[in-house]
Amino acid sequence: MKIAVYGKGGIGKSTTSCNTSIASARRGKRVLQIGCDPKHDSTFTLTGSLIPTIIDTSQSKDYHYEDVWPEDVIYKGYGGVDCVEVGGPPAGAGCGGYVVGETVKLLKELNAFYEYDIILFDVSGDVVCGGFVVLLNYADYCIIITDNGFDALFAVNCIAASVREKARTHSLRLAGSVGNRTSKRDLINRYVEACPMPVLEVSLLIEDIRVSRVKGKTSFEMVEFQPFLNYVCEFYLNIADQILSQPEGVIPKEIPDRELFSLLSDFYLNPTNNERENKNQETLLDFMII
């Protein structure tokens with residue numbers, strides 16, 4: 001199973017990817033995480049360092065790919081997760097998306113692409129150019145990371161459009177969205193009502209999640225020394241369980257930009273209406289509990 005993780009830049013894709021990779025490994029799966037960002041820091045919390053990239057290795061071999069072996073580009077990370085970093089060309093030169101495509105070709109030539117139960121692509125930012133979106137050609141599922149904010153949900157909508165387009169010719173489905181480090185989910189709820197998609201999980205605004213990234217450790221590694229953080233790991237185990245169940249997924253129908261702008265901006269411009277809706281929902285829940 002191949003999963004592509006997208007989302008707005010800085011939204012927490014790498015944090016979510018690393019922890020979900022470990023959660024999948026904890027379920028007995030063999031996992032490969034491929035960092036598809038020129039910053040090459042996707043697997044930092046898995047390996048504890050910035051591992052050499054495909055670009056670095058290729059340069060050291062004078063671009064003789066026949067001299068590249070799996071152990072030259074695949075590094076063992078925490079929890080038994082294997083890691084690859086694609087890297088990218090210098091800033092302002094070349095196409096990072098092209099390098100990603102070449103990485104997939106190289107892994108296929110090394111017979112490494114088909115040896116895993118789960119391959120997770122952690123993709124750069126919210127880009128929708130053909131170079132990075134080409135990863136959707138290889139994916140069975142896409143997961144979009146968001147928060148309860150205006151900009152992040154705009155990115156979700158743009159990525160949803162890319163998924164719909166690729167699903168025309170590939171057996172690709174949107175597994176769902178993941179809310180990351182957000183104290184509320186009311187704006188997420190409003191969006192998924194207008195553009196139906198599953199919400200796999202919403203992690204709370206937990207400082208320990210941010211700190212784990214700074215420390216270069218996953219939540220699963222931190223819990224070995226801070227057992228009270230075990231509840232954080234449950235978020236990622238839940239995501240992994242849903243993915244491993246091979247969900248039906250959806251082909252999303254994105255919202256036209258102007259309609260989306262009105263939908264999301266109205267949420268901020270008319271807070272009274274939103275509070276009334278929330279109270280109605282709470283009242284309904286009270287009756288349901290009774």
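For all residues, glycine too, the Cβ spot is worked out from N, Cα and C.
A quick note: this is a predicted structure, and the numbers were derived from the prediction, not measured.
Per Swiss-Prot, these features apply:
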type	residues	note
BINDING	Gly10, Ile11, Gly12, Lys13, Ser14, Thr15, Lys39, Asn180, Arg181	ATP binding site
BINDING	Ser14	Mg(2+) binding site
BINDING	Cys95, Cys129	[4Fe-4S] cluster binding site
Binding-site residues (Lys39, Arg181), the one with most neighbouring Cβ atoms at 10 Å: Arg181
Of the binding-site residues listed as Gly10, Gly12, Arg181, the one whose CA lies nearest the CA of Cys95 ([4Fe-4S] cluster binding site): Gly10
Which of Gly10, Gly12, Ser14, Cys95, all binding-site residues, has a Cβ with the fewest other Cβ atoms inside 10 Å: Gly10
Residues Gly10, Ile11, Gly12, Lys13, Ser14, Thr15, Lys39, Asn180, Arg181 binding ATP per the record - widest CA separation, whole Å: 22
Mapped DSSP class for Gly10 (ATP binding site), helix or strand or coil: coil
DSSP state at Arg181 (ATP binding site), helix/strand/coil: coil
